């Protein structure tokens, strides 16, 4: 697995936190076989969020997005596993919940795009940038689960 092992940044947004969906979302990633490397429950500052969403700064919804994301606590996480960025995005569903299939996080728990409960990195490069923005190196925990060999072939 080492050749394709990667990490992704997943954040449960304020609406997901307020609706009590953190456990359900974490459970899905654990059941898939991904390993939690870091987790932080925090009130994100607008400065942090402006950096995080810098690629969207020219979009008309950008100010509202930053305001919404700073309106309550966020659960920021780093997950690791084989093709975790791509698979994580599939698990999340489409950005617009109306386009998300049942069985995806957004398909099961969301109605509107402006309250789509979760963020996931869209590429390995974005994941690396987002992880570095939200976490210090010493906050990333190396821990091989005893279930590792039951999830991955040699």
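Every residue gets a Cβ built from N, Cα and C, even glycine.
Together with 13, 61, 95, 106, 116, the ATP site in Swiss-Prot holds one more listed residue from 7, 89, which is 89. Here the CA atom of residue 119 (active site, pros-phosphohistidine intermediate) lies 9 Å from the CA atom of residue 95 (ATP binding site).
Neighbour density around each Cβ, counted as other Cβ atoms within 10 Å, peaks among the binding-site residues 95, 116 at 116. Packing around residue 119 (active site, pros-phosphohistidine intermediate) is summarised by its Cβ count: 20 other Cβ atoms lie within 10 angstroms of its Cβ, all protein chains included.
Between the C-alpha atoms of residue 119 (active site, pros-phosphohistidine intermediate) and residue 61 (ATP binding site), the distance comes to 16 Å.
In this structure, 89 is the one among the binding-site residues 13, 89, 106 with the smallest number of other Cβ atoms inside 10 Å of its Cβ.
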